[in-house]
(Lines of atoms letter the chains of each structure in order from A and count residues from 1; the text may use other names and numbers.)
(Lines give C-alpha, C1' and ligand atoms only; values in the text may rest on other atoms or scores of the structure.)
Protein backbone atom coordinates (compact mmCIF):
# COMPACT_ATOMS: atom_id res chain seq x y z
CA UNK A 1 0.00 0.00 0.00
CA UNK A 2 1.04 3.58 -0.69
CA UNK A 3 -0.13 6.08 1.90
CA UNK A 4 0.13 9.88 1.80
CA UNK A 5 -0.14 11.41 5.27
CA UNK A 6 -0.83 15.16 5.39
CA UNK A 7 1.47 15.71 2.40
CA UNK A 8 2.12 19.25 1.22
CA UNK A 9 4.59 20.70 -1.26
CA UNK A 10 5.53 24.37 -1.48
CA UNK A 11 7.94 25.47 -4.20
CA UNK A 12 10.72 28.03 -3.51
CA UNK A 13 8.66 30.77 -5.20
CA UNK A 14 5.83 30.16 -2.73
CA UNK A 15 3.57 28.23 -5.10
CA UNK A 16 1.72 25.43 -3.33
CA UNK A 17 1.97 22.27 -5.43
CA UNK A 18 0.19 19.99 -2.97
CA UNK A 19 -2.03 20.92 -0.05
CA UNK A 20 -2.52 18.46 2.82
CA UNK A 21 -2.97 15.30 0.75
CA UNK A 22 -4.28 12.24 2.59
CA UNK A 23 -4.59 9.23 0.34
CA UNK A 24 -4.27 5.45 0.37
CA UNK A 25 -3.63 3.37 -2.75
CA UNK A 26 -3.96 -0.35 -2.25
CA UNK A 27 -1.60 -2.94 -3.66
CA UNK A 28 -2.56 -3.96 -7.19
CA UNK A 29 -4.81 -1.00 -7.96
CA UNK A 30 -4.87 0.71 -11.37
CA UNK A 31 -5.40 4.37 -10.51
CA UNK A 32 -5.66 7.25 -12.97
CA UNK A 33 -5.15 10.82 -11.78
CA UNK A 34 -6.77 13.61 -13.78
CA UNK A 35 -6.81 17.39 -13.64
CA UNK A 36 -5.67 20.52 -15.40
CA UNK A 37 -1.99 21.22 -16.03
CA UNK A 38 -0.57 22.55 -12.78
CA UNK A 39 -3.20 20.77 -10.66
CA UNK A 40 -0.50 18.77 -8.86
CA UNK A 41 -0.69 15.42 -10.67
CA UNK A 42 2.99 15.19 -11.59
CA UNK A 43 4.10 16.58 -8.24
CA UNK A 44 2.07 13.96 -6.39
CA UNK A 45 3.26 11.13 -8.63
CA UNK A 46 6.93 12.08 -8.46
CA UNK A 47 6.81 12.52 -4.70
CA UNK A 48 6.28 8.76 -4.34
CA UNK A 49 9.88 7.98 -5.32
CA UNK A 50 11.18 11.38 -4.15
CA UNK A 51 11.94 12.84 -7.55
CA UNK A 52 10.06 15.71 -5.91
CA UNK A 53 10.70 16.20 -2.20
CA UNK A 54 7.66 17.10 -0.13
CA UNK A 55 7.63 20.04 2.28
CA UNK A 56 5.40 18.53 4.95
CA UNK A 57 3.94 15.15 5.81
CA UNK A 58 5.06 11.62 5.09
CA UNK A 59 4.71 9.01 2.36
CA UNK A 60 4.59 5.36 3.38
CA UNK A 61 5.16 2.36 1.12
CA UNK A 62 4.20 -1.00 2.61
CA UNK A 63 4.26 0.60 6.09
CA UNK A 64 7.80 1.95 5.59
CA UNK A 65 8.52 5.67 5.28
CA UNK A 66 10.22 6.55 2.01
CA UNK A 67 10.22 10.16 3.20
CA UNK A 68 12.62 9.27 6.02
CA UNK A 69 14.65 6.70 4.07
CA UNK A 70 18.32 7.41 3.36
CA UNK A 71 21.26 5.75 1.65
CA UNK A 72 20.87 2.02 1.08
CA UNK A 73 17.31 1.99 2.40
CA UNK A 74 16.22 4.67 -0.07
CA UNK A 75 17.95 2.87 -2.92
CA UNK A 76 16.23 -0.39 -1.95
CA UNK A 77 12.80 1.25 -1.86
CA UNK A 78 13.33 3.05 -5.17
CA UNK A 79 14.30 -0.26 -6.74
CA UNK A 80 10.69 -1.35 -6.33
CA UNK A 81 9.33 1.73 -8.14
CA UNK A 82 9.37 1.91 -11.94
CA UNK A 83 8.95 5.32 -13.59
CA UNK A 84 7.54 5.98 -17.05
CA UNK A 85 7.89 9.52 -18.37
CA UNK A 86 6.13 11.49 -21.09
CA UNK A 87 9.51 12.05 -22.78
CA UNK A 88 10.42 8.31 -22.53
CA UNK A 89 13.71 9.07 -20.68
CA UNK A 90 15.79 6.68 -22.77
CA UNK A 91 19.46 6.88 -23.73
CA UNK A 92 18.82 7.60 -27.39
CA UNK A 93 22.15 6.37 -28.77
CA UNK A 94 22.10 3.12 -26.82
CA UNK A 95 20.37 -0.05 -27.93
CA UNK A 96 16.91 -0.95 -26.78
CA UNK A 97 18.36 -3.87 -24.79
CA UNK A 98 20.78 -1.62 -22.90
CA UNK A 99 17.96 0.78 -22.08
CA UNK A 100 15.89 -2.05 -20.65
CA UNK A 101 18.87 -3.32 -18.65
CA UNK A 102 19.00 0.10 -17.00
CA UNK A 103 16.11 -1.22 -14.92
CA UNK A 104 18.58 -3.58 -13.23
CA UNK A 105 21.00 -0.85 -12.13
CA UNK A 106 19.61 -0.74 -8.58
CA UNK A 107 20.54 -4.38 -8.02
CA UNK A 108 24.28 -4.03 -8.67
CA UNK A 109 27.32 -1.92 -7.83
CA UNK A 110 27.89 1.34 -9.69
CA UNK A 111 31.14 0.04 -11.22
CA UNK A 112 29.52 -3.09 -12.57
CA UNK A 113 26.61 -1.26 -14.19
CA UNK A 114 28.84 1.50 -15.57
CA UNK A 115 30.85 -1.16 -17.37
CA UNK A 116 27.67 -2.85 -18.56
CA UNK A 117 28.49 -6.09 -16.76
CA UNK A 118 25.02 -7.49 -16.25
CA UNK A 119 24.62 -11.20 -15.45
CA UNK A 120 22.91 -13.43 -18.00
CA UNK A 121 19.85 -13.67 -15.73
CA UNK A 122 19.37 -9.91 -16.11
CA UNK A 123 19.72 -10.13 -19.88
CA UNK A 124 17.10 -12.88 -19.95
CA UNK A 125 14.77 -10.72 -17.85
CA UNK A 126 15.26 -7.88 -20.33
CA UNK A 127 14.43 -10.12 -23.29
CA UNK A 128 11.31 -11.40 -21.52
CA UNK A 129 10.20 -7.83 -20.82
CA UNK A 130 10.67 -6.82 -24.46
CA UNK A 131 8.70 -9.86 -25.57
CA UNK A 132 5.93 -8.93 -23.17
CA UNK A 133 5.43 -5.54 -24.85
CA UNK A 134 5.83 -6.99 -28.37
CA UNK A 135 9.06 -5.25 -29.26
CA UNK A 136 11.62 -8.06 -28.93
CA UNK A 137 12.70 -7.72 -32.57
CA UNK A 138 14.00 -4.22 -31.78
CA UNK A 139 16.37 -5.38 -29.01
CA UNK A 140 19.54 -4.39 -30.87
CA UNK A 141 18.18 -1.28 -32.58
CA UNK A 142 19.15 2.15 -31.29
CA UNK A 143 16.46 3.80 -29.21
CA UNK A 144 16.42 6.87 -31.44
CA UNK A 145 15.47 4.69 -34.42
CA UNK A 146 12.13 3.82 -32.81
CA UNK A 147 8.78 5.58 -33.06
CA UNK A 148 7.39 7.37 -30.02
CA UNK A 149 5.07 4.51 -29.20
CA UNK A 150 7.86 1.97 -29.47
CA UNK A 151 10.08 4.07 -27.21
CA UNK A 152 7.35 4.22 -24.58
CA UNK A 153 6.99 0.45 -24.72
CA UNK A 154 10.74 0.22 -24.09
CA UNK A 155 10.14 2.32 -20.97
CA UNK A 156 7.48 -0.15 -19.85
CA UNK A 157 9.85 -3.06 -20.54
CA UNK A 158 12.49 -1.32 -18.41
CA UNK A 159 10.05 -1.17 -15.48
CA UNK A 160 9.23 -4.86 -15.98
CA UNK A 161 12.90 -5.84 -16.06
CA UNK A 162 13.33 -3.81 -12.89
CA UNK A 163 10.76 -6.15 -11.30
CA UNK A 164 9.00 -3.08 -9.98
CA UNK A 165 6.16 -3.51 -7.50
CA UNK A 166 4.85 -0.03 -8.32
CA UNK A 167 4.69 1.68 -11.72
CA UNK A 168 4.32 5.46 -11.91
CA UNK A 169 3.41 6.73 -15.39
CA UNK A 170 3.49 10.50 -15.84
CA UNK A 171 1.48 11.50 -18.94
CA UNK A 172 2.75 8.39 -20.79
CA UNK A 173 0.62 8.97 -23.91
CA UNK A 174 0.65 12.77 -24.17
CA UNK A 175 2.73 12.80 -27.36
CA UNK A 176 1.28 9.68 -28.99
CA UNK A 177 -1.35 9.14 -31.68
CA UNK A 178 -4.66 7.41 -30.78
CA UNK A 179 -3.66 3.92 -31.97
CA UNK A 180 -0.33 4.00 -30.15
CA UNK A 181 -2.02 5.47 -27.08
CA UNK A 182 -4.28 2.41 -26.96
CA UNK A 183 -1.33 0.03 -27.33
CA UNK A 184 0.61 1.66 -24.49
CA UNK A 185 -2.36 1.83 -22.10
CA UNK A 186 -3.37 -1.73 -23.00
CA UNK A 187 0.17 -2.85 -22.09
CA UNK A 188 0.06 -1.04 -18.74
CA UNK A 189 -3.39 -2.40 -17.92
CA UNK A 190 -2.48 -5.99 -18.86
CA UNK A 191 0.71 -5.86 -16.80
CA UNK A 192 -1.27 -4.55 -13.84
CA UNK A 193 -3.80 -7.37 -14.18
CA UNK A 194 -1.30 -10.17 -14.80
CA UNK A 195 1.35 -9.25 -12.22
CA UNK A 196 -0.63 -7.26 -9.66
CA UNK A 197 1.72 -4.30 -10.02
CA UNK A 198 0.28 -1.19 -8.39
CA UNK A 199 -0.05 1.32 -11.23
CA UNK A 200 -0.67 5.07 -11.04
CA UNK A 201 -1.11 6.95 -14.30
CA UNK A 202 -1.48 10.69 -14.91
CA UNK A 203 -3.73 11.57 -17.84
CA UNK A 204 -5.53 14.59 -19.26
CA UNK A 205 -8.11 12.61 -21.22
CA UNK A 206 -11.46 12.05 -19.53
CA UNK A 207 -12.40 9.35 -22.05
CA UNK A 208 -9.20 7.38 -21.42
CA UNK A 209 -9.57 7.69 -17.66
CA UNK A 210 -13.06 6.22 -17.89
CA UNK A 211 -11.94 3.46 -20.22
CA UNK A 212 -8.92 2.20 -18.28
CA UNK A 213 -9.15 3.17 -14.61
CA UNK A 214 -10.64 1.15 -11.80
CA UNK A 215 -10.32 4.24 -9.60
CA UNK A 216 -10.06 7.90 -10.57
CA UNK A 217 -8.48 10.64 -8.47
CA UNK A 218 -9.16 14.23 -9.48
CA UNK A 219 -6.83 17.04 -8.45
CA UNK A 220 -7.46 20.76 -8.56
CA UNK A 221 -5.05 23.41 -7.26
CA UNK A 222 -3.01 20.85 -5.33
CA UNK A 223 -5.98 19.27 -3.58
CA UNK A 224 -7.93 16.05 -4.11
CA UNK A 225 -11.44 17.03 -5.20
CA UNK A 226 -12.57 13.57 -6.32
CA UNK A 227 -11.60 10.04 -5.36
CA UNK A 228 -13.81 7.18 -6.42
CA UNK A 229 -14.64 4.34 -8.76
CA UNK A 230 -15.14 5.00 -12.45
CA UNK A 231 -18.90 4.62 -12.07
CA UNK A 232 -18.97 7.58 -9.67
CA UNK A 233 -17.01 9.85 -12.02
CA UNK A 234 -20.00 11.60 -13.54
CA UNK A 235 -19.87 14.44 -16.05
CA UNK A 236 -20.63 16.84 -13.20
CA UNK A 237 -17.71 15.51 -11.15
CA UNK A 238 -15.35 15.99 -14.08
CA UNK A 239 -16.59 19.55 -14.46
CA UNK A 240 -15.71 20.15 -10.80
CA UNK A 241 -12.26 18.62 -11.26
CA UNK A 242 -11.48 20.87 -14.20
CA UNK A 243 -12.90 23.80 -12.33
CA UNK A 244 -14.25 25.96 -15.15
CA UNK A 245 -18.01 25.79 -15.58
CA UNK A 246 -17.68 27.70 -18.84
CA UNK A 247 -15.73 24.78 -20.30
CA UNK A 248 -18.17 22.12 -19.10
CA UNK A 249 -19.80 21.51 -22.47
CA UNK A 250 -16.40 21.28 -24.15
CA UNK A 251 -15.19 18.75 -21.59
CA UNK A 252 -18.28 16.63 -22.04
CA UNK A 253 -17.82 16.65 -25.80
CA UNK A 254 -14.27 15.35 -25.29
CA UNK A 255 -15.54 12.67 -22.91
CA UNK A 256 -18.08 11.52 -25.46
CA UNK A 257 -15.53 10.96 -28.22
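Placement of Cβ uses the backbone N, Cα and C atoms for every residue, glycine included.
Taken from Swiss-Prot as is:
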- 2-246: domain 'ABC transporter' (DOMAIN)
- 35, 36, 37, 38, 39, 40, 41, 42: ATP binding site (BINDING)
All-chain count of other Cβ atoms within 10 Å of residue 41 (ATP binding site):
25
Judged by other C-beta atoms within 10 Å of its C-beta, the most isolated of the binding-site residues 35, 38, 40 is 38
Least buried of the binding-site residues 37, 42, going by other Cβ atoms within 10 Å?
37
Select one residue from 36, 39: among these binding-site residues, choose the one with the most other Cβ atoms within 10 Å of its Cβ.
39
Excluding 35, 36, 37, 38, 39, 40, 41, 42 themselves, which residues in that chain have a Cβ inside 8 Å of the centre of the Cβ atoms defining the ATP site?
43, 219
Reduced DSSP state (H/G/I helix, E/B strand, rest coil) at residue 39 (ATP binding site) is coil
